[in-house]
Amino acid sequence: MRFPVQLTGTKYGCGGGGCGACTVMISRYNPITKRIRHYPANACLLPICSLHGAAVTTVEGVGSTKARIHPVQERVAKCHGTQCGFCTPGMVMSIYTLLRNHPEPTLDQLTDALGGNLCRCTGYRPIIDACKTFCKTSGCCQSKENGVCCLDQGINELPEFEEGNKTSPKLFSEEEFLPLDPTQELIFPPELMIMAEKQPQRTRVFVGDRMTWISPVTLKELLEAKVKYPQAPIVMGNTSVGPEVRFKGTFHPVIISPDCIEELSVVNHADDGLTLGAGLSLAQVKEILAEVIQKLPEEKTQTYHAVWKHLGTLAGCQIRNMASLGGHIVSRHLDSDLNPLLAVGNCTLNLLSKEGERQIPLNEQFLTKCPSADLKPGEILVSVNIPYSRKWEFVSAFRQAQRQQNALAIVNSGMRVFFGEGGGIIRELSIAYGGVGPTTICAKNSCQQLIGRPWNEEMLDAACRLILDEVSLPGWAPGGKVEFKRTLVISFFFKFYLKVSQILKTMDPVRYPGLADKYESALEDLHSRNHWGTSKYQDVDPKQLPQDPIGRPIMHLSGIKHTTGEAIYCDDMPVLDGELFLAFVTSSRAHAEIVSIDLSEALSLPGVVDIVTEEDLRGVNSFCLLIEPEKLLETQEVSCVGQLVCAVVADSEVQAKRAAKRVKIVYQDLEPVILTIEEAIRHHSFFQGERKLEYGNVDEAFKVVDQILEGEIHMGGQEHFYMETQSMLAVPKGEDQEMDVYVSSQFPKYIQAIVASTLKVPANKIMCHVKRLGGAFGGKVTKTGILAAITAFAANKHGRPVRCILERGEDMLITGGRHPYLGKYKAGFMNDGRILALDVEHYCNGGATLDESLFVLETGVLKVDNAYKFPNLRCQGWACKTNLPSNTALRGFGFPQSGLITENCITEVAAKCGLSPEKVRMMNMYKEIDQTPYKQEIDATNLIQCWKECMATSSYSLRKVAVEKFNSENYWKKKGLAMVPLKFPVGFGSTAACQAAALVHIYLDGSVLVTHGGIEMGQGVHTKMIQVASRELRMPMSNVHLRGTSTETVPNANVSGASLVADLNGLAVKDACQTLLKRLEPIISKNPKGTWKDWAQAAFDESISLSATGYFRGYETHMNWETGEGHPFAYFVFGAACSEVEIDCLTGAHKNIRTDIVMDIGHSINPALDVGQIEGAFIQGMGLYTIEELKYSPQGVLFTRGPDQYKIPAVSDVPTELHVSFLPPSQNSNTLYSSKGLGEPGVFLGCSVFFAIHDAVRAARQERGLLGPLKLDSPLTPEKIRMACEDKFTKMIPRDEPGSYVPWNIPV
């Protein structure tokens, strides 16, 4: 679809159906029912052969700027629901498909529709806002946290800012939107309808070079194909076979794909239950069950309701519409959500073969693939019988995953009990688990032993012990989390026990005692789905000219193009004549000598042109960007899994990747293999020396304090997960050794330099071009240069264009991410909470090469104080050298780790003093004019103002009381509330790193072209630059254009990062515009009422240059590490965030109820973009501190290599309420129009969720009598939450002795 058709609006994000970037709408006509079904699907998994007779609508078919844009596209753009824009076409297609089926959807339907789409930039809130404009709602959030409606006065009310501040609550105007008219949508192609009605149906066979695709259209033909090819898989949605083929290298010479076979889509209501065709999609099953549940009495639909509930969180909407019921059952994945439930529900499978029909039970024997209970070769699954439940029979489903929605379960379970004619005596009991073994596990023996027992506490205790004995899990079990899984196994049964007890009580209150009131909330669903939010910013001065765009919420100038798919990214560029593709071969060992590399088999494959090795790069195989040179390719000794060894160049992507797998490398393992920070400390494996900052006299201060506390916290790393993976295209120009490099990079100057060095040509022969990035977050700097250099070398060697696009898994393996940290601290404090001395040690896991680790460490050390004045402070830091891929820059650059260590220390001090953490925070905060530990002056007035404003807008005091009341009334659910302050110093630490340049041309028609050195990666820098040019030249924004960033127009530009891109480049653009305006003043004064066209022509006629460069030399910043003093930062961004959560103590799940953020951002250039940056950073930070978990094997292999294993926040993780407000600007500064950089500060505020969970866990532990220190590491996953809420179940599980087994994964 993307090439050669060139419908590049559909993006390739992960290849496994996990991110939704490739969503398209499939429409099929059913000639029997005469109905058209529209559904969303992942194009990356859809084989073209399976689409015969279907209409495929891509984002280009929905609307375009060339024809007309669709209301969905307009609203997503104008509600500011795009930043980098790479995920946007997929979002648009998911919403569009929903609207084709439901023109006025509910909020639940909308959040469900977006559950399979990931966004790394926006934080989802503006996308939800855009969706809500299609809903009919009352203006209420439809959520009653704390039992209070948002429209009622009370604790959910948002107080206004003080009068006179003129705040605006709306970032867009709904009145301007195009109306949605369902009659104007594209019709289903009539020719496809005629074909379905009249064309004789016969088996279709597609034959390729390596495989054959057979599509039978009758049951008879399907059976014949299966007899002829018994080993061929039957594929319906390709959601199981597709990922195996793509990621595991599985090859099927023949695939059988039934098409529109009526018997496979049967829905039959019989006296004993429901029969569902095996070919029904999971989405269709969900719809059918919803209807049945409404029509039938509750006692008959117990199993149906449990299956329906599971289908709400199983995968995303796209996968549910593609995956079939039969495929899900027959695949028998160990973590299947439905199989445990169908097994306990006594379901049977209707099979068919040439020999005739046969029925088998869906039981443990079938699920373990026992030959006597499995499908025979030549047999197919036609349908599934799901019996009705009976009176006094109860069925429940349970699951716990890393993320609420669209995540494979860590453990899931189906449970059924039957009491016969009441009496509370167990007559039948069935329990099955997924995720705790190689297949679904049935606790058959335990259930057998419990039959005949009454449903009471004694039975519960016996059941837990029996189940733990039977469902045993070794310490080394794949997937890890062993103790958590053991706990979930019995926690789920306890939930089932409570649920059944509660129902028994309602059915016969006399005979059955009710649950304790404090236990009832254990049964309530934790996840509310309906979101609402507000943002408040300052209106522009009424005296400001109407055409002056500064301070106004202007849409991202690529917003509409993002939504129509017309925005071009690197891999959207058309394939060039003679283009080659490059694929990398990486090391599979963490520390080894390469004994030999055999390239012969790879080179012998058709289409392979070359394999680039270290030998080819003799003399140019390393480059020094920062401190230490780094090798491009390594063929002697590898120091991490994922290190680049060689690169295959072939005629196509498929050929290159196939050949890369055929390169044979023989290794000799070397010792030691150092993976963790603790191992690095033991081996003294550090890069360079330490970094140290000292203020006051720490040792003396420790002698006079009331108490001393020592502690530590470990913080895991984070994957950038930019939606667009590393992408580049190197194009030799054919003369003078010139080359154009199109690359997704934050640092074109570096790309130019490393490519020039590798090709042994001067930099003026290499031009690097960047139009836009599909996200970056610091991950498209150092490693991108190495990848680009090797790609350019291959292009230069063969004189042909070479493209390189990394797969998601490759990208995550090769590029590293945020540094894992270990923080150790010793605090000396008074009994009233004043901290007088703080001694901190930072250890970061740098990986195999230095990269940016030293700068990250320095930043962490400099920012260790966060918002607090510690009169005596010492902080030392070391970058650990380990055998992991090198970690690098990631949004926040050391501060999210450093700040968490400090805040954790504050929280522990508060606990020791018996005070609230908020009180201790306030007590130790900077007050007005003060000095940082590195002797830079700070005015903290706005810090205190943000804190007070956040306290007020969040109704902190009222809600703290409400939380404590809730916690006193609920034993198995707890709420937590936490508030953290923010002082984020902005700057690069050197003046040279802050310089920027711009080039502005005025053409004779009065139009203006602006070029600058900043990279557009979603933050809207190009939009802001056009706003700057518009203000300075006093012309409409529509007159100004910006094409992209190139070393050809602005040379030697610094890296785009550190929240400074708009600051620095804006000052350069401003300088260029002012230069031009000064030149043109005489012309304009002669003809003040003229147009820009008049003035430009007049200037040209008088030989006045209409082109100017602008320059900003940089903020005066410096740091002397010898003395520990300096002025490393240009200014400070202040803020505060208050978050409330609710946790489930039995499963470790948590819900983000509400977050209030107040930021001091100076004078906002564009409030819409700035709110977007704060919200997006906050959600990314929330992911960092709660659910994003990297997992490495003890051999250093990264397990989490895609959205299936690595979970970033999805739409369901956004706080139910999210409120962002800006502090009224109070002071002018030397920055661009007194604005402040906001790209990074908000990440740290995500830890307010971490500490709210901490607060909830502490409440649970206190109620259980656990009053000792609470050590919680980051990320605070469901596993850590559950295991910290210790209870009788965590005490009951068996524990493995450390050292008695090799764990599946290790914390690095």
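Backbone N, Cα and C define each Cβ position, glycine as well.
The following features are taken from TrEMBL:
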type	residues	note
ACT_SITE	Glu1240	active site, proton acceptor
BINDING	Cys84, Cys87, Cys119, Cys121	[2Fe-2S] cluster 2 binding site
BINDING	Gln746, Phe777, Arg891, Ala1058	Mo-molybdopterin binding site
DOMAIN	1-62	domain '2Fe-2S ferredoxin-type'
DOMAIN	206-391	domain 'FAD-binding PCMH-type'
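Taking the features listed in TrEMBL, we show where each one sits on the structure.
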residue: Cys84; record: [2Fe-2S] cluster 2 binding site; CB count, 10 Å: 30
residue: Cys87; record: [2Fe-2S] cluster 2 binding site; CB count, 10 Å: 29
residue: Cys119; record: [2Fe-2S] cluster 2 binding site; CB count, 10 Å: 30
residue: Cys121; record: [2Fe-2S] cluster 2 binding site; CB count, 10 Å: 28
residue: Gln746; record: Mo-molybdopterin binding site; CB count, 10 Å: 27
residue: Phe777; record: Mo-molybdopterin binding site; CB count, 10 Å: 30
residue: Arg891; record: Mo-molybdopterin binding site; CB count, 10 Å: 27
residue: Ala1058; record: Mo-molybdopterin binding site; CB count, 10 Å: 25
residue: Glu1240; record: active site, proton acceptor; CB count, 10 Å: 26
**DSSP residue counts for the domain '2Fe-2S ferredoxin-type' (1-62), split into helix, strand and coil** = 11 helix, 19 strand, 32 coil
**Item:** Which recorded positions sit within 10 Å of Ala1058 (Mo-molybdopterin binding site) - Cα, from Cys84, Cys119, Glu1240
**Value:** Glu1240
**Item:** Minimum Cα separation from Cys119 ([2Fe-2S] cluster 2 binding site), reported as the residue among recorded positions Gln746, Phe777, Arg891, Glu1240 that achieves it
**Value:** Phe777
**Request:** Measure from the CA atom of Gln746 (Mo-molybdopterin binding site) to the CA atom of Glu1240 (active site, proton acceptor) and give the result in Å, rounded to a whole number.
**Result:** 15
**Request:** Out of Gln746, Phe777, Arg891, point to the one nearest Cys87 ([2Fe-2S] cluster 2 binding site) in space (Cα versus Cα); all of them are binding-site residues in the record.
**Result:** Phe777
**Asked** Counting distance between Cα atoms, which of the binding-site residues Gln746, Phe777, Arg891 is nearest Cys121 ([2Fe-2S] cluster 2 binding site)?
**Response** Phe777
**Message:** So among Gln746, Phe777, Arg891, all listed as binding-site residues, which is physically nearest to Cys84 ([2Fe-2S] cluster 2 binding site)? Use the C-alpha atoms.
**Reply:** Phe777
**Asked** For the [2Fe-2S] cluster 2 site given as Cys84, Cys87, Cys119, Cys121, which other residues of the same chain have their Cβ within 8 Å of the site's Cβ centre?
**Response** Thr82, Gln83, Gly85, Phe86, Thr88, Arg120, Thr122, Met723, Gly774, Gly775, Gly1018, Gly1176
